[in-house]
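For reference, TrEMBL has these:
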- 1-22: domain 'PAS' (DOMAIN)
- 292-422: domain 'GGDEF' (DOMAIN)
Amino acid sequence: MVYVNSAAEVLFGYSVDELLGKETRLLYADEGEYSEQGRKRYNAASKLATETYRVAYRRAGGERFLGLTTAAAMRAKTGSVVGFTGIIRPARSADNSLETLQKVHTITSDLILSDSHKIESLLRLGLRHFGLEVAILSRVVGNDYIVEHCVDCWNQLKPGERFEVSGTCCEYTLDARQTVSFCCVGKGRMRRHPCYQSMEIGSYIGSPVWVSGERYGTLNFSGHLPTEPFSRDDVILMGLLSDTVSYFLYRQIFEEEILALASTDELTGLPNRRATWERLSDLMEISNRSGFALTVLSIDVDYFKNINDQWGHAVGDMALGAFARIAVGLGRKTDFCGRVGGEEFLFVFPGATLEDGWEFGDQLRRELRVTPVDPVKGEPFTLSVSVGIARYECGESLESLLARVDAALYRAKQGGRDRICQ
Ligand SMILES: Nc1nc2c(ncn2[C@@H]2O[C@H](COP(=O)(O)OP(=O)(O)OP(=O)(O)O)[C@@H](O)[C@H]2O)c(=O)[nH]1
């Protein structure tokens, strides 16, 4: 280095005298990057020197920071390269914000990425933009701070981890109800705050995340070391990132609710016919691959029309709800039951043989006999069921399995009801 200005002293933390006469290697965060830049740009043969590019530099104290460098070759009158000039700015400058903004647009308008991947990409983008080390989308419930998404340069944080929110920068952000930033926590008003003293956070920028008008958590970026001051652009960008993430969270929650509604039977809370068949198809595929047994029971409440006729539709509904609770209560966690018709249910038993299914059917019939439904205005009555049972045969289609189990149910009905047939 043959010339440096006073701004370089501020940016790198060296005095002019400490820099003059030294190799620029001193300024780079990574030795490899120094060699690479020398090979690519800083040699007489390179045409790349006159360009703006980003690279990680290191200050006298050891902190890394991203610099936006605009370089040019200096030539003698003869045209030969005699040196290079480089103007280095902290990377978070106005043109950098514009570049980040364009990337936000690219991510949000991607038609293939899932919302969850978009959130992850926004976290990575923010991390790069702010030049920090850890990006977190947190959910805050009471005093619990739950890491939902994170990108951690040090690989120490994982989604699902929990902390107490009190004493964190995020608590501060939530209380402020707006974007807050600390570029040098140890020197500012935050130096006595526990997030500096116990978590050793040196720089931080974060915003509260609101979903459907309710506080959800925070989106935040932090690092152990101090950083350049955050600009107005940074604060605006931070707000934009948290609003964008809020929107994806809202969409995710909304879609999950719609999906749950579309696949659940309202009366019993069980999966409806479509969801039941989908789940059964998935299990059939797994059974094809792994060879585990799969037994299916088609269960139909007997003379259900009489219940409606005698007690009214509301009591009929109550009886269906009671049946669902009893049946689900008897099954294992891995079994599942769906309502596939008015008073028709399909039970699926992964890993169960025909005998296991038969045993379950008997147990269910016994349980129904001793668990009366109370119509409130009248004598309690009990339910009986007819059951068709079939074991899935490897490679069989869904239609064929359903036809076999329905035929078995038909035989049970024809045989006088309140029985199991296969
Ligand atoms: N309360 C109530 N009734 C329903 C619902 N869905 C279907 N049903 C009634 O269930 C009855 C079924 O009657 P059927 O198909 O004749 O069968 P069943 O009376 O049970 O006779 P078997 O099945 O032959 O033993 C009909 O009266 C339907 O109106 C429902 O969600 N709630």
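Residue 1 is the first one shown; counting continues down the chain.
Cβ from N, Cα, C; glycine included.
Just so you know, TrEMBL annotations are computer predictions that nobody has curated.
The list of residues near the domain 'PAS' (1-22) in space but at least 6 beyond its ends in sequence, with Cβ under 8 angstroms from a Cβ of it, reads 57, 59-61, 67, 83, 88, 90. Secondary structure of the domain 'PAS' (1-22), assigned with DSSP and counted as helix (H, G, I), strand (E, B) and coil, comes to 11 helix, 0 strand, 11 coil. Residue counts for the domain 'GGDEF' (292-422) under DSSP, helix first, then strand, then coil, are 59 helix, 30 strand, 42 coil.
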